[in-house]
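One structure below.
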Amino acid sequence: MPSTSAKRTKVIIVGGGISGIKAALELQKHGLDYIILEAKDRLGGRLNTVQGINTKYDLGASWYHETLNNPLFDEEVNLSVEGEEPKWFYDDAPIKVINENGVLPPFLKLESIAQEILKFIEIENYKDLEKDQSLYDTVVKYMKLKKHLLSTDQILQVSQYIRSLELWHGIDSKSLSSKFSSVDNEGRNALALHYDTLLKRHTEKLDFDKVILESPIKSLVKTERGKKVEAITEANDCIKGDYAIVAIPQSILQIPEEAKGHIKFEPDLPPNIKASLKVVHYGALGKVIFEFSHCYWPTDSERILALSRPPEGLLHAIENDLDAPFTSNEIPKTWDYPTLILNYATSFKKNSLVMITQSPLTEYLERNPDKAWEFFKPVVKVIAQKASDAEIDLPINQIVSQWTLDPYQRGSYSACFPGDDPLVPIIALEQGFGNIRFAGEHTILEGAGCVHGAWNSGIREAQYIIDQTIK
């Protein structure tokens, strides 16, 4: 039973990520009381900067995306002071592409072919708006249609190059919706240096008497005929308010009742919201960071894309219009999945390599961090252009993200499987459940999946309450 003494506030904010924090700050500006309930022992959610030996790293969100139309980035720019350390870095120089055999030459024209494939995907999807299939299957269809215009090397390598989209969505291309695979950025992407600076700028404005950490809630209950809301924590504490902003990851809204972190809504969520959560999934973008005592690899590129090995029989299947194989081992092997590598030796003069991974590789490495170096050593060997393992120095430190192991996170951000429609949950969650509101990257169209999208959703929900309260 809930404790007899309940805390009272105007707005209960469930979740202390950037959307919940921004909502609190907007409410605070207008004199509206709030309490933030955060399940973890820290604020920030996917904003999580850690200190290594060589430098700091963002284990979650890393970029200011779409800086042509990103008000959060604009705010950071306007707050910059001449002479201070830069807060971002445009790491968008041409990417180096490698496979298990070495650096791939530009005359393979992989980027040009990939752009045509993206246009092909768009055309295919407009033919039948109701039909969807995996990104991989659509790419195979393109290959079969255009094989007479492509060399053998182009067929084998561009089929893997296009899989770099996995590293946007956090899922493999056999699981990724073709319809929603394209990434249409509004401007450039700037690497944050680092997000702890932005997070501190926000959190230091909060009233920490109104922030309760390590306080997961088990239920949100509407009372007084829906006019009030009560949050019951796992410790059976009760917080009463007029409104609640649910700023938890989409993944937590979707977990079954028996799972740790599940929140029970009383009354139950309306049918449109429940149905909407069945047509969207969740990705698992992860990071593995290797720090070295010195740099023994080339510094001629800021980013490196390591392509996956084409499945055995792929070329034969495309040439003969057969079902194309897709590599999916129960225990992932090196070169099964593409990897994006940030070369800190080039960008920041730090002897570090940051590997970005997708599901299901992320889950494997986060469960087995002791196997990370063994897994990526062949990739580092190619990056370093070394002939033998003896020439590859061991890292002095390794950091592996833990997003899929965190019961209050369970991955990274929203992603679409074939047949999903992300607009449905966005519309339903933005509409809300009366005085129970929803914020986060999964609740907004502009900036979906991004920090600025989550930030804007916090503003939106705070403004809704302000408009309802201050008339």
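The backbone N, Cα and C atoms fix where each Cβ goes, glycine too.
Marked as domain 'Amine oxidase' by TrEMBL: 18-466. For Ser19, Glu38, Ala39, the entry in TrEMBL reads FAD binding site.
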Intrachain C-beta neighbours of Ala39 (FAD binding site), sequence separation six or more, cut-off 8 angstroms:
Gly15, Glu214, Ser215, Pro216, Ile217, Gly261, Tyr408
Please list residues from the chain of Ser19 (FAD binding site) whose Cβ is under 8 angstroms from its Cβ, counting only those at least six apart in sequence.
Gly45, Ala247, Ala439, Gly440, Glu441, Ala454, Trp455, Ser457, Gly458, Glu461
Glu38 (FAD binding site): tally of other CB atoms within 10 A of its CB:
26
In the same chain, which residues outside the set Ser19, Glu38, Ala39 have their CB within 8 A of the centroid of the CB atoms that define the FAD site?
Ile13, Val14, Gly15, Gly16, Gly17, Gly20, Ile36, Leu37, Lys40, Leu43, Gly45, Ala247, Ile248, Tyr408
